[in-house]
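The structure under discussion appears below in the form of structure tokens.
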Amino acid sequence: MGSKELLKEEDFLGSTEDRADFDQAMFPVMETFEINDPVPKKRNGGTFCMAVMAIHLILLTAGTALLLIQVLNLQEQLQMLEMCCGNGSLAIEDKPFFSLQWAPKTHLVPRAQGLQALQAQLSWVHTSQEQLRQQFNNLTQNPELFQIKGERGSPGPKGAPGAPGIPGLPGPAAEKGEKGAAGRDGTPGVQGPQGPPGSKGEAGLQGLTGAPGKQGATGAPGPRGEKGSKGDIGLTGPKGEHGTKGDKGDLGLPGNKGDMGMKGDTGPMGSPGAQGGKGDAGKPGLPGLAGSPGVKGDQGKPGVQGVPGPQGAPGLSGAKGEPGRTGLPGPAGPPGIAGNPGIAGVKGSKGDTGIQGQKGTKGESGVPGLVGRKGDTGSPGLAGPKGEPGRVGQKGDPGMKGSSGQQGQKGEKGQKGESFQRVRIMGGTNRGRAEVYYNNEWGTICDDDWDNNDATVFCRMLGYSRGRALSSYGGGSGNIWLDNVNCRGTENSLWDCSKNSWGNHNCVHNEDAGVECS
């Protein structure tokens, strides 16, 4: 409801401003009827002028009445505002509520100044009303309407300021406006004076125990101490106890390989079996259809045991057996009798430092250990050579004719083999150095007399329609097979063209010919 009433007030004020503009626009026209007109013009058709003026006066009267109604409405609204805001403060919007064409644009200000600004605007309304009345009186009392020149009137006295209007009714509560744009950052203030030092704070809680520090770097070595004097010779110690028996010695080297045994006697040869007659060879039948797998037949009777074949040659010697396990240690010997302590010698004088002795010789070998137990049986040796094959057995009966198999599907057509080309382009697919194949080697062509006809024949051998000669293409290596090639352009091969003999040239590889086929 509050927003609708505000819209009505704005429409009402807009219509007031429109009427004020209309009056302002009409007043310059009415200035032609002033008494002090220097050159009064005679009016013809007084009846027509009277009718026009009557209509104009009616319109002015209606406008004045409407303006009066608006003033009364504004007074009621002021009373309502005063009732809502007992302390004289008004909550208003940022845009002006009342503005006139003749009055300065006065915006409503918050709190105490709002009511004063509204009263000032009402006084402007009263002033404009009085001016309209004076203009109306001037029009009605203008002697020119009756073609009578009137005397110039004296200026009227200045009007007294109008009494303040009655406060209007309080208006509806204004809606909350949209959030304004963020203001610009203010200039930084001047740094204030330094405050007094604060009082000493209370002692903080004891912090957690820190992690143990890393180990420090090794310190520098201290100074080398002085060399001490040689100590006195010690007393001869008692004879030590008898040492324990030494460990078993290493396993001895393996013995030499034994002599090969004598070959055994050959066993008696078995009697040969009767040879069967050879059957007639049947005609090869057509490949039959793949038959279904037959039922598994009964197991045949075991055949008569054949005569044993001759005894095979003895097998190779078996692999070396694993070494036997280490024998148990022998029993410890009885301890030796302790020797009597020697007589203490006289303390000798301090001797000089002796020369470092030579390395002693290697001690004698220890007593060999007990013989170990017999080793485990070695793994069996490799299989002997295969015996001689037995004689061929009798030929079996011919089998039954198989059914013809289904005709196989026709195989796919194979890809066409690539034909060997005797010419090629090096350095690109259709542009590069021209090379020919002769005497099982690739070689280049000299560019002497090399022209487009020669290049066209060369490209025709590769399936192109025409070619363009490139002189001094270079970059080749090996043989230079052709020189002074002279084709007419209709040949199918360079072999048909006029040229020097193969390998006869006076060129270097900087003069190798090139082609560009299309």
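Every residue number used here counts from 1 along the chain in the order it is shown.
Positions of Cβ are set from backbone N, Cα and C atoms, glycine also.
Quick caveat, the model's predicted, so the values are computed rather than measured.
Copied over from Swiss-Prot:
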- 1-48: topological domain 'Cytoplasmic' (TOPO_DOM)
- 49-69: transmembrane segment (TRANSMEM)
- 70-518: topological domain 'Extracellular' (TOPO_DOM)
- ASN87: N-linked glycosylation site (CARBOHYD)
- ASN138: N-linked glycosylation site (CARBOHYD)
- 147-426: region 'Disordered' (REGION)
- 149-418: domain 'Collagen-like' (DOMAIN)
- 154-163: compositional bias 'Low complexity' (COMPBIAS)
- 239-250: compositional bias 'Basic and acidic residues' (COMPBIAS)
- 293-314: compositional bias 'Low complexity' (COMPBIAS)
- 325-344: compositional bias 'Low complexity' (COMPBIAS)
- 410-421: compositional bias 'Basic and acidic residues' (COMPBIAS)
- 423-518: domain 'SRCR' (DOMAIN)
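DSSP states for the domain 'SRCR' (423-518), grouped as helix (H, G, I), strand (E, B) and coil, give 15 helix, 33 strand, 48 coil.
Restricting the average to the domain 'Collagen-like' (149-418) gives a pLDDT of 63. In this view, ASN138 (N-linked glycosylation site) is surrounded by 14 other Cβ atoms within 10 Å of its Cβ, with every protein chain counted. Taken residue by residue with DSSP, ASN138 (N-linked glycosylation site) is part of a helix.
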